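Take a look at the structure set out below.
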Amino acid sequence: MKHANLAVSIAVALSTLIVPTSVFAQPNTTSIVNHHQSQPLVEYQALRQRWAASFLGDVTIPFDDTLKQTVITTNNAADRYWSSMLTDPTRTSLWSDVVLDAQTDAGKKVLGANIRTSYQRLFDMAKAYHLRDGQLQNNAELLSAIIDGMAFLNQHYYKVGAKEWGNWWHWELGTPKDIHNILVLLYDQLPPQLITAHTQATRYFTPEATHLGAGPGADVSSNPHYRLSTGGNRTDNTQVVILRGILDNNSAEIEAAIGALSPVLAEVTTSDGFYSDGSFLQHYDIAYNGTYGNVLLSGLGAQLDLVAGSPWQATDPVLKNIYPIIFKSYAPLLERGSMMEFVNGRAISRPKEQGHHVGHLVIASLLHYIDGAEPQAKALLQNLIKTQITQDTSFDFFTSIKHVGNYQKAKVLVADPEVNGEQELQGFFNYPAMDRVVYRGDDWSFSLAMHSSRLGNFECMNNENKQGWFTGDGMGYLYNSQLDHYHNYWPAVNRYRLEGTTVDNQVMADCDGQRNQIKGGRQTQMDWVGSLHFDDIGAAGMMFSNWNNTLTANKSWFMFEDEIVMLGSDIKSTTQADITTTVMNRKLADVGNNKLFVNGKPWQPQLSHTMKLRTLTLTNNELDDSDISYVFLKPTTVTVEQQLRTGDWSDIGTRSGQVSADFVAATIAQTAENDHYAYVLMPNADKEDVKDFIEEMPIKVRRNDKLAHIVTHKEQAITAANIWTDQGVKVTNQLSAFSKMAVMVEKDDRELKLAVSDPLQTQTMLHIRLHKPVEIETDIEQRLQLDGQGNLMINVVGLVGQSYVFTLKRVAAD
């Protein structure tokens with residue numbers, strides 16, 4: 001290996017560092033303590049040690065075999081970076097494969113990203129220097145190489161006066177976080193002037209805890225505007241400032257950072273942040289609980305953890321709101337260790353941020369909040385974390401977690417017999433602010449992604465998620481015991497054939513079809529998009545118009561206890577393109593024997609692919625609770641196809657790597673004569689369950705047309721309806737609807753229990769007319785007005801798409 005003596009080059013680099021006394025006129029600069037002081041203040045030292053422990057672990061807890069392997073892996077990576085580090089005095093980069101070029105347009109475009117990659121490699125080297133029992137622990141030559149690398153980057157690239165070429169994020173958030181992590185780990189080993197030069201550089205690029213685009217170099221960046229930071233960007237923003245404060249012994253910066261955290265938990269009604277229903281949006285109108293949301297969750301938790309018990313401990317009671325947010329915005333979206341893909345945005349195109357990867361990051365973030373929770377919330381949180389870790393039998397949480405400190409916390413938690421780890425969350429969860437629905441059954445979950453005039457359909461940014469065209473067009477996800485179903489799914493799946501979607505088969509170019517605030521503008525033709533929550537069941541629907549308004553359809557999902565009824569009607573296109581509804585497009589399991597049964601008989605792929613179907617069942621002999629069945633409520637012509645598909649991550653994003661998988665798909669060709677569909681998804685239902693279902697046929701479709709979709713579940717005595725018009729539609733014998741709405745009615749003797757919602761989120765009153773005399777029995781929020789002619793008006797002001805449940809009592813005739 002090449003470990004050159006770097007003493008001379010380090011001395012030269014350090015001698016040329018420019019360390020201005022002040023980059024901006026800030027009141028807090030006077031409180032900076034000189035790094036040459038013999039004894040740093042104990043409070044700052046304690047915070048540095050606490051932050052370092054998150055990467056290095058608790059020294060009182062022995063490393064187990066997994067952590068020992070982590071030490072080996074980190075040392076091997078550090079040794080590779082060290083061996084390949086350029087040391088020639090004429091170098092312009094630290095590594096030949098990470099070119100730093102501030103001269104050409106092409107080089108400037110990626111300069112920020114490559115500077116960050118360079119610091120990340122130095123960070124790996126810094127961890128190897130300190131991780132116990134590693135071959136590089138306390139290696140003086142390794143330390144010299146790190147110092148040389150940091151001095152070089154600061155002298156030539158990441159320095160006061162530099163311009164933010166390319167993506168602003170690398171300069172203002174990503175790179176300063178990495179720099180500060182290195183400085184914290186090596187605080188006692190680094191030359192004081194090197195620490196000061198770097199903190200002055202991060203202060204130049206990110207001077208404030210609340211704003212981005214605040215440095216002089218931002219004028220050439222991808223976002224040159226001075227702006228308030230929000231969501232995950234805010235917690236990144238504060239992390240830069242708080243760590244700089246503990247490095248510079250600067251109390252004012254620590255206080256500014258902690259004081260800027262509370263707004264991320266403030267309930268919002270537009271743009272970025274958390275909504276009352278648990279939605280989290282970033283980039284104005286993209287559902288992002290899983291990725292940007294976790295940046296916020298992780299950053300907030302880590303910073304609150306950092307200052308707990310210190311003179312800077314956070315005291316704003318608003319920060320306690322994180323606990324209801326966790327159980328509303330995260331718990332329903334975690335499925336056996338995986339974060340549901342429909343809230344991961346463009347990260348679905350990253351091989352290292354697939355569902356289980358993101359899920360594990362969220363779980364690790366939740367660990368930060370255990371110690372600060374009240375007893376009841378603490379018990380629920382511990383159970384949630386243990387459940388998610390232990391139920392993920394496909395991907396080992398403990399081999400994926402990055403921070404040694406969190407690993408140790410999780411190990412203790414999982415081993416605790418007082419934490420049962422059997423938190424089975426079931427029921428219906430809807431998120432009107434982000435047009436998302438989750439229905440959690442017994443050993444399965446179904447999620448649904450829609451969009452509207454209020455929410456973007458998908459995001460393609462920085463060449464990521466290039467083919468996410470239809471992911472927000474009513475795509476349904478089914479999670480069952482095939483835990484790896486959505487792993488390596490996106491490069492291989494036919495992106496024109498996503499389950500639940502109806503498309504008109506236009507050929508799409510990369511990033512085509514975006515309808516969001518940043519790109520293309522929202523889809524103004526889609527106001528009727530919403531959902532309805534009624535006890536443990538629910539419904540969703542949308543009056544759909546595709547990205548360029550060449551295709552329209554009314555689409556509904558009615559979610560009962562064991563079945564999901566899917567209806568479509570009035571499917572029309574203004575072009576001659578073929579229209580296809582995808583019923584199923586399932587990636588087959590790698591284990592066991594996958595079998596497909598059509599109309600109860602084994603399917604032979606060599607037979608005709610297009611046939612009249614009543615039932616379709618997919619089974620696997622080695623995976624319990626993995627059967628999936630579909631029942632078509634009338635015999636329907638369906639095309640069934642099994643195909644080995646191969647794709648590359650580069651097809652959809654910026655990374656590369658080929659993946660292959662077998663898929664079985666079932667699709668319906670929609671025509672002017674066949675402009676509708678009606679089928680039932682039955683998770684975990686085998687052939688016998690399907691046979692019983694058809695014999696009993698508890699589902700009756702009362703209406704599937706341009707006026708309404710209405711379904712009755714006879715066994716549950718529930719009628720559910722999506723009403724597309726305000727012209728008056730009979731829902732049951734007891735009532736008619738005269739507003740655009742979603743409504744469910746449960747009849748019990750002489751009582752009617754109803755739930756309604758306004759899918760437009762703009763109406764003030766919903767109008768129902770009762771055909772028989774009733775009186776109001778329950779009206780918790782006093783929203784009902786009933787006149788003598790049976791006209792019931794429901795005030796929906798302030799509900800923003802959420803449901804209102806009430807009961808009416810039949811009045812006996814005189």
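Note that the numbers count up from 1, one per residue, in the order the chain is shown.
Placed from the backbone N, Cα and C atoms, the Cβ positions cover glycine too.
Pulled from TrEMBL:
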ACT_SITE  His283  active site
ACT_SITE  Tyr292  active site
ACT_SITE  Arg346  active site
DOMAIN    51-387  domain 'Polysaccharide lyase 8 N-terminal alpha-helical'
DOMAIN    431-686  domain 'Polysaccharide lyase family 8 central'
DOMAIN    702-765  domain 'Polysaccharide lyase family 8 C-terminal'
SIGNAL    1-25  signal peptide
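Shown here: features listed in TrEMBL, placed on the structure.
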{"residue": "His283", "record": "active site", "DSSP (3 states)": "coil"}
{"residue": "Tyr292", "record": "active site", "DSSP (3 states)": "helix"}
{"residue": "Arg346", "record": "active site", "DSSP (3 states)": "helix"}
> Does Tyr292 (active site) have same-chain partners at least 6 apart in sequence with Cβ under 8 Å from its own Cβ, and which are they?
Replying inline: Gly231, Gly232, Asn233, Phe280, Gln282, His283, Gly345
> Pick from His283, Arg346: which of these active-site residues has the biggest number of other Cβ atoms within 10 Å of its Cβ?
Replying inline: Arg346
> Where DSSP helix means H, G or I and strand means E or B, what are the helix, strand and coil counts for the domain 'Polysaccharide lyase family 8 C-terminal' (702-765)?
Replying inline: 0 helix, 36 strand, 28 coil
>> Limited to the domain 'Polysaccharide lyase family 8 central' (431-686), I'd like the whole-number average of pLDDT.
In response: 97
